[in-house]
Amino acid sequence: MGLDRKFMNVIVLGFGFMFVFTAFQTMGNIEKTILDSIQRDNPAFQGDAYTSLAIIYAVFALCNWVSPSLISVTGPRVAMLIGAATYALFIASFLIPQTWLLYVASCVIGFGAAVIWTGQGNYLTLNSDSNTIARNSGIFWAMLQASMFLGNLFVYIKFQGKTHIDSETRLLVFIVLIVLAGVGIVFLLILRPAQNYDGELAKNDTNGPVRALVKAFKLLFTKQMLLLSLTFFYTGVELSFFSGVYGPSIGFTQQMGESAKQLVGLSGIFVGVGEVLGGAMFGILGQRTTRWGRDPIVIAGFLIHILSFFLIFLNLPNSAPFHDTMDAAFITSNPYLAMFCSFLLGYGDSCYNTQIYSVLGSVWSEDSAPAFALFKFTQSLAAAACFFYSSHLGLYAQLGILVVLSIIGTISFCFVEWKAKEANAMKVKTLAYNSDCEDPCYVEESNRNLQKATWPEDLDPFICWTAWHIHPAHFVGDHCNY
């Protein structure tokens, strides 16, 4: 029953985020297009989409330092509700197009983003163990990225045949997105506390907000986290590129034809298809990916992204991120190729993010709040930097930055994963050759106090698999004979 409750908690969490981020990701995808239309109707409005998104992610980055402290007081469920409410408020601010209000709302949602994402990582970890974290991460990611479908499909239909997004269309889009955010808040309201397998409530670190902040600082300067921060940074830059730069770039490329603006929403849908397919695949294969290692999936994501960057380089002109342009690309700009690249961006992103969730939830299961906060701090800092330079750098320079960072981020992740495998193998050698032990062996998990563990249920699947190869005599079928 405990397992069923934990899994249902993950499903409800996924639905909550799916609806909240249907609203926000759709808004982020069309914000540049929408604000340009508002400026045409009201020249006094000077709000800039890239500046707004940069503020969001800059505040997001800073507030990740205080979010673990807040969660130590409120718990993850209340924190996620607070964060979700700020997303609804941000979208509501577009009903009153004022430059100052846009930037204030951007600050507010930046705080809310830090709170909701740190709470999400903590809550997901409380409802997972070493055997289910890969599966739960994949399923949650697939449900989250399903948010790319509904909102962007609605936008695709409403923007059909429009070269200018009129006020009536904008109003309808805003109202629908606010309602969707409200539905997500309702799902987060009905989340239940996590339970251990013995039926007791799973508890957070109760050392208080100051202790949580100190933990986050200490964790940042560990070797593993510093290396993973390079991967986090790359995911932040590519996130901002496909969520806020690539879609508008397609819409600004006039050689795409009269339906160029409509393709902005369609691009978001194809990104979502890639994200959901990747998340669902890694969720279904969660046990096997844990056994094989996370590095092959991240390397696959790297290769997919490199292919997408090269095709985008050929298909879109350098001036595409800034405004409507008739400039020619290296090849004739093709809508079908643009949508294929959207799919590749989404699928590659899911390769990175599902494995990051998996490694954080397993390696730092006891410090999940500060670990996920540091992930979101680095990722959002990178996203903010990307949105700041997106207003000044052409498309080709942005693609060059992505290529360099993808190489660095992938190498650093693989290094951490290989070191983790070596550490697990050392544990196994000690355990597997301890054949005189008649009682359950004692296993050190994540540098905690030694605790009794049974084989194979309480051990990392990779440890059990390696132990079988080193000392198969102790296994009967899938069970250890200790």
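Placement of Cβ uses the backbone N, Cα and C atoms for every residue, glycine included.
For reference, TrEMBL has these:
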- 7-27: transmembrane segment (TRANSMEM)
- 47-66: transmembrane segment (TRANSMEM)
- 78-96: transmembrane segment (TRANSMEM)
- 102-126: transmembrane segment (TRANSMEM)
- 138-159: transmembrane segment (TRANSMEM)
- 171-191: transmembrane segment (TRANSMEM)
- 225-246: transmembrane segment (TRANSMEM)
- 266-285: transmembrane segment (TRANSMEM)
- 297-316: transmembrane segment (TRANSMEM)
- 396-416: transmembrane segment (TRANSMEM)
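It is 102-126 that, among the stretches 102-126, 171-191, 297-316, forms the most Cβ pairs under 8 Å with the transmembrane segment (78-96).
Long-range contacts of the transmembrane segment (297-316) within the same chain, counting only residues at least 6 positions beyond its ends with a Cβ under 8 Å from a Cβ of the stretch, are 231, 238, 246, 249-250, 253, 282, 289, 329-331, 333-334, 337-338, 340-341, 344-345, 347-352, 354-355, 395-396, 399, 402-403, 406-407, 410, 413-414, 417.
The transmembrane segment (7-27) shares the most Cβ pairs under 8 Å with 171-191, out of the stretches 102-126, 171-191, 396-416. Among the recorded stretches 47-66, 102-126, 138-159, 396-416, the one sharing the largest number of Cβ pairs closer than 8 Å with the transmembrane segment (225-246) is 396-416. If one looks beyond the transmembrane segment (396-416) by at least 6 residues along the same chain, the residues whose Cβ comes under 8 Å of a Cβ in the stretch are 224, 227-228, 230-235, 237-238, 241, 245, 294-295, 298-299, 301-302, 305-306, 309, 312-313, 318, 321, 352, 355-356, 359, 386, 389-390. Sequence-distant contacts of the transmembrane segment (47-66) (same chain, six or more residues past either end, CB-CB distance under 8 Å): 28, 31-32, 34-36, 38-39, 97-99, 102-103, 106-107, 109-111, 113-115, 118, 213, 216, 236, 240, 244, 248, 373-374, 376-378, 380-381, 383-385, 387-388, 390-391. Away from its own ends, the transmembrane segment (138-159) comes close to residues 10-11, 13-15, 17-23, 25-27, 29-30, 124, 165, 169, 172-173, 176-177, 180, 261-262, 264-269, 271-273, 275-286, 346, 350, 353-354, 357 of its chain (Cβ-Cβ under 8 Å, at least six residues beyond either end).
Within its own chain, the transmembrane segment (102-126) has Cβ neighbours under 8 Å at 9-10, 13, 17, 20, 24, 35, 47, 51-53, 55-64, 66-68, 70-71, 76-77, 79-80, 82-87, 89-90, 93-94, 133, 136-137, 140, 191, 194, 202, 204, 357, 360-361, 365, 368-369, 371-373, 375-377, 380, counting only residues six or more beyond its boundaries.
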